[in-house]
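What follows is a short report on a single structure.
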Amino acid sequence: MASFEEFKRANQQYAAGFDKGDLVTPPARKVAVVTCMDARLHPEAFLGLELGDAHVIRNAGGRVSEDAIRSLVISERLLGTEEIVVIHHTDCGMLTFSNEDLAAKIREDLGVDASGRDFLPFSDLEGGVREDVETIRASELIPDDIEVHGAVYDVKTGELREVV
Ligand SMILES: [Zn+2]
C-alpha cells in the first residue's frame, strides 16, 4: 500500500524536468478517445499522442456510459473536439462476468444489494465496440458531423484494428 508514497517521489522527478506548462485546454488534435481502464493499455503510447493532444476518457470496458457521454459533450461543445474513437481490447475483464455475478459478489463481500445495477459488461468484443459507436451516433447530444470510429486493441501484440 506504499503506492502513494512512491507517486510523490516519482512526481518530484517529473516536475523537476517539466516544461509543458504552456499548453492550452482544448486538445491540439481535436479528438476524444473512449477506452478501458485496463492497466495494460497505454493509449497515449499506442496512439502516438503527446501531452495536450487528446481527451482520453477511461472507464471499465471503455463503455459509452451516461458519464462518458457527459464527458464527450463537454469535449465537443466546450473544448472543440470533432472526432471520437472508441477502443475496447482483447482479454478485457468486462467479458468475464455478468451483472448477476457481480451483484452476487457484492452481496457476499459487502452485504449490499446491487441487483438491478448495470455494470455494462459485454459478451462479444467487437459487438461491444459497435454497440458503443451506435450509442454515440444515436445520441442527440452528439451531432452527425462528429466522426466516430471503433477499434480493438490487442494486449498481446500492441496492435490496433478497426471495427467497421
Ligand atoms: Zn478492459
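Using N, Cα and C of the backbone, Cβ positions are placed for all residues, glycine too.
Keep in mind the model is a prediction, meaning the values are calculated, not measured.
Record features, source TrEMBL:
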type	residues	note
BINDING	Cys36, Asp38, His89, Cys92	Zn(2+) binding site
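Counting only residues at least six positions away in the same chain, the Cβ atoms of Cys36, Asp38, Gly61, Leu125 sit under 8 Å from the Cβ of Cys92 (Zn(2+) binding site). Other than the site residues Cys36, Asp38, His89, Cys92, same-chain residues with C-beta atoms no more than 8 angstroms from the centre of those residues' C-beta atoms, the Zn(2+) site, are Thr35, Met37, Arg40, Leu41, Gly61, Gly62, His88, Thr90, Asp91, Gly93, Met94, Tyr153, Val155.
Mapped onto three states, the DSSP output places Asp38 (Zn(2+) binding site) in coil. For the binding-site residues Asp38, His89, the ranking by surrounding Cβ atoms (within 10 Å, all protein chains) places His89 first.
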